[in-house]
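Pulled from Swiss-Prot:
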- 1-192: region 'CPSase' (REGION)
- S50, G244, G246, M274, Q277, N313, G315, F316: L-glutamine binding site (BINDING)
- 196-383: domain 'Glutamine amidotransferase type-1' (DOMAIN)
- C273: active site, nucleophile (ACT_SITE)
- H356: active site (ACT_SITE)
- E358: active site (ACT_SITE)
Amino acid sequence: MTYNLHPAILVLKDGKFYRGWTLINSIISFGEVVFNTGMTGYQEIMTDPSYAEQIITFTYPEIGNTGINHEDNESNKIHVKGIITKNICFSPNNWRQQESFINYIFNNQIPHIFGIDTRALTKHLRKTGSMNGCISSQYLNPYLLSTKFKDRLSIESSDLVKQVTTSKNYEFQGYSHKHFSYLQYKTDKMYGYGLKIILIDFGVKYNILSRLDNYGCSIQILPATSSYETINAYNPDGIILSNGPGDPSIITYAIKTVKKIIKYTNIPIFGICMGHQIISLALEGTTFKLKFGHRGLNHPAGMKQKAEVTSQNHGFAVNQESLYKDTINITHFNLNDTTVAGILHNKKPIFSVQYHPEASPGPHDSDYLFKYFINLIKHFKQYKNYKNSSLAQAR
């Protein structure tokens, strides 16, 4: 298939603009412009619900080299508002490839622009912070496009979770296709067999479900708006609070629900990314917006002399000073900027991390946390009490 190139423009809210090319004529798309430093994983990133309402700048200069397959999607649709690249590979080659990247973006009409200086753009975003922007091939006048930002809501004032959460309760039955995972061949399917896990869906990635399924857990997925009474009626052995997009402080309904779960039950809880922030807010902590966020596959997280290389994708973080030391232990810091990356409750079986142990894309250093969660559930079911233990001991 042959494609025509059309001139396109990226305009930022501060007036900065970049000209490039697109394969789609007459597009216009608004979103928060952010950058991801990963060399791979573009398919997982575009289908990750945590990227809702965002335009992603890929800092790696060549995107699309390994094509697209039908197994690596992290949800059932594309969530990004657009993508920005230096170059797009027109001749990909990979043994798992089922479609070229250019076919994928053209067939799905994904707003995009390429041929711009992504290094200069990334340096600008690092200096000024993430901001709203627009990709357009419909209008090419930057001053005209600048006037269209007035009615655009910021990430901080939008409840993005309600856009991506499931609309109904359902039980995870595995995938109709084979969801590829290197780790599925190294997991004991009987290790968590029979355990009832409730997952609160703030924008869950498929691989979180896949990792739990690989351990043999029974997984019930509930909407983010589920009440304490609804969750408790399932009598779960454990609860996972998933990843998700946007500002966690806006998700007041979930914060209130988690606060009740913590107060009235001793159910083990594991929070991932947005789930980590929701737990912190339920424990009277606060969050703040990062200048340009953490989005990449090689963020070091740890404490003292031991660190994990982690996959991260968030624009908000927990304020360390807001956490009560008599209630919460900080287990991990982001070693790039010392923001809180993991916490452990002192008196209840609750822990959370500000990164993605399921990877997809990214390293597997923190995959042990799923097994730790299962061990926590087993311990509580057997002894009916919680003995505080270091996360490091679970490796």
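The backbone N, Cα and C atoms fix where each Cβ goes, and this holds for glycine too.
All features noted in Swiss-Prot, drawn onto the structure.
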| residue | record | Cβ contacts under 8 Å, 6 or more apart |
| --- | --- | --- |
| S50 | L-glutamine binding site | H79, G203, K205, N243, G244, P245, C273, M274, N313, H314 |
| G246 | L-glutamine binding site | A52, E53, I155, S158, D159, L160, V161 |
| G315 | L-glutamine binding site | E32, V34, S130, I155, K289, L290, G293 |
| F316 | L-glutamine binding site | D247, P248, Q277, T287, F288, K289, L290 |
| H356 | active site | K205, N243, I272, C273, T310, S311, Q312, N313, G362, S366 |
| E358 | active site | K205, N207, I208, S210, R211, I272, D367, F370 |
Does DSSP give M274 (L-glutamine binding site) helix, strand or coil?
helix
Number of Cβ atoms other than its own within 10 Å, given for Q277 (L-glutamine binding site)
29
Counting only residues outside S50, G244, G246, M274, Q277, N313, G315, F316 in the same chain, those with C-beta within 8 angstroms of the L-glutamine site's C-beta centroid are G203, N243, P245, D247, P248, C273, H314
Under DSSP, is S50 (L-glutamine binding site) helix, strand or coil?
helix
Determine the mean pLDDT over the domain 'Glutamine amidotransferase type-1' (196-383), rounding to the nearest whole number.
96
